[in-house]
Amino acid sequence: MSNWEILWDERAQFWSGFLSTLEIFGLSIVGAFVIGCGLLYLLEGSRKRLTIPLRIFIDAMRMLPFLILAYLLYYGLPSVGIRLDAWWSGVGALAVYHGAYFAEIFRGNRLTFPPGQIEAAKAHGFTKGKMFFRLLLPQIIMQTRPLLGNQLIYALKDTAFLVIITVSELTAAANSLSSTYFIPTEAFIVVIGFYWAISVTMEIIIKQCGRFSAKRGFDNV
Amino acid sequence: MSEANTSEMAAVSIRHLSKSFDDVEVLRDVELEVKTGEVVTIIGSSGSGKSTLLRCINWLEKPDRGSIHIAGQRIGIHEDGRPMPVRELAKVRAKTGMVFQGFNLWPHLNVLHNVTEAPIHVQGASKREAEERAMALLEKVGMVDKRDSYPNTLSGGQKQRVAIARALAMQPEVMLFDEPTSALDPELVGEVLAVIKDLSAEGYTMVMVTHEMAFARAVSDQVVFLEKGLIIERADPETFFTTPKTDRVRKFLENHDTPSPA
C-alpha cells in the first residue's frame, strides 16, 4: 500500500480536522471582526482617557507573537481562576489577536476619511452611533477590503498554531497521521492543499465583493 | 414655539455672536435676523468670516459668545448656559439643511438613498414615505433619472443638485448654502443656481454664502457684507449693489464686476 493510499484510507481524520479548522476559523474571524469594529467605535470621537488605553491594547496585541497569546490564555488564565478548554482558548486568542489587527486596519483608514462627509452627517442630524454604523463603517470596510482579505489569510494560518495547545484541527490531523505511519511528507502536503483550498476560496469571495465597492467608486477591480 | 406667533418668529435669529480661532477674531458681535421665507446672502472677501458665520448657525462651529435660535429654538446651549446634549443638538440641527461647497454626498449610497438616509434614520420616516418625498425632490432638482446612480458617476453640478435634494428632504426651517457653486466648473454653475433660484421663488428660507454677485442680486431679499468678522453693511440687493454706503463695499464690488440688474 502506498503512502498516499494510507492517507486516503484515513481521509476521515483529515476531513474532521478540516471541518474543525473551518469552524475555529469562522468563529474567530467573526469574533475578530466584531472586536475590530467595536474598538473602532470606541476610538471614534472619544476622550484621550479612553483612546490611549485602547491604542496601547491594540499595539500590545499586534506586537505579541500569536503563540504566546494562545499559551497565555490556555495555560495562564487558570492561575487567575478562568479555565477555558483548548478549543475556546484557541478561538478566543485568535479573535482577540486578529481583532486588534482589524482595529488597526480600520483606524488607519479612518484617518483618511473625508471630514466633509462627517460634517454632512452632523448637519443632517446624525448622532455618533447611527453615523458610525450607517456611514463610516460601511465605507471603511469597502475601502479596506484587500487588507482585510490579507488579514484573514494570516488568521487562517494562525489556526495551525493551535495544535500546540492540543486543539484537534487540520494540522493536528496531519501531525497524528504522520507520526502514526511515519509519512510526514505526504501528510503535510495534503494539509497544505487544504489550507490553499480555503485561502483560494476566500480570495475569490473577497475579490467578488470588490465589484460591490468598485461600483461605488471605491476601487478598481 | 406654541406661545410665539410663527409668522412673526424669525427662522434664524443671531445675537451678539463672537468667535475666535486662537487669537484671530473671526466673528465680532454679529447680529442677524432671517425671517421665514427670506433669502439672505452673505458676501465678503475670503477670510472675512462668512463661512464661519454660516457654520455657526448649525453649530458645526461652536461660537465663543452669543446666541442662535432656529425657528425660536436655541441651538447648542440651553438658555441657562448648560451645553446641549448631543441628541438634542442633533434635533435642532436637523431643522437646518446644509449644502456644502464640496457636496459631501455619501459615496456608498446611490442618489435615492443619499436623499432618504437622514429622513429614515434620523427622523424615523417610513421607507415609503421617505422615498416618495425623495422622488418629489429629485424631480424638483432634475435628478430623477439618476436615482439609482452612485455619486462617483455624477458631474459636480449633478452632485450638488442631489445634495440640495438631500438637505431639503429633512424639511428644514432654513437652508444654508456654503459657496454651493465654488467647486464647480464654470459651465456647471448655471444648473445649480437655477435650482436655488427655483427654491427662492417657492418661498424657502435660505442663508447663502456666495461669490456669484449677479445671482445674489437676483435672489436675495437682504445682502450682508462681512469684513474681518464685522457686518459692515446690510441692505436690500438694489441698494447694496447700486449705492453701497462704504468705500470697502464699493471697492469690493468694483473688483467683482458689479452685475447689471437681472
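Using the three backbone atoms N, Cα and C, a Cβ is placed for every residue, glycine included.
TrEMBL lists A:18-206 with the feature domain 'ABC transmembrane type-1'. Positions annotated as transmembrane segment by TrEMBL: A:24-44, A:56-74, A:86-103, A:152-175, A:187-206.
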Do any residues of this chain, six or more beyond the ends of the transmembrane segment (A:56-74), have a C-beta under 8 angstroms from a C-beta of it, and if so which?
39, 84, 86, 89-90, 92-94, 96-97, 99-101, 103-104, 107, 158, 161-162, 164-165
Residues sitting near the transmembrane segment (A:24-44): Cβ under 8 Å, six or more positions beyond its termini, same chain?
50-51, 54-55, 58, 87, 90-92, 94-103, 105-107, 110, 128, 132, 136-137, 140, 152, 155-156, 159, 162, 167, 169, 198
What same-chain residues lie close to the transmembrane segment (A:187-206): Cβ under 8 Å, and 6 or more beyond its ends?
7, 14, 17-18, 21-22, 25, 145-146, 148-149, 152-153, 156-157, 160, 170-171, 173-175, 177-178, 181
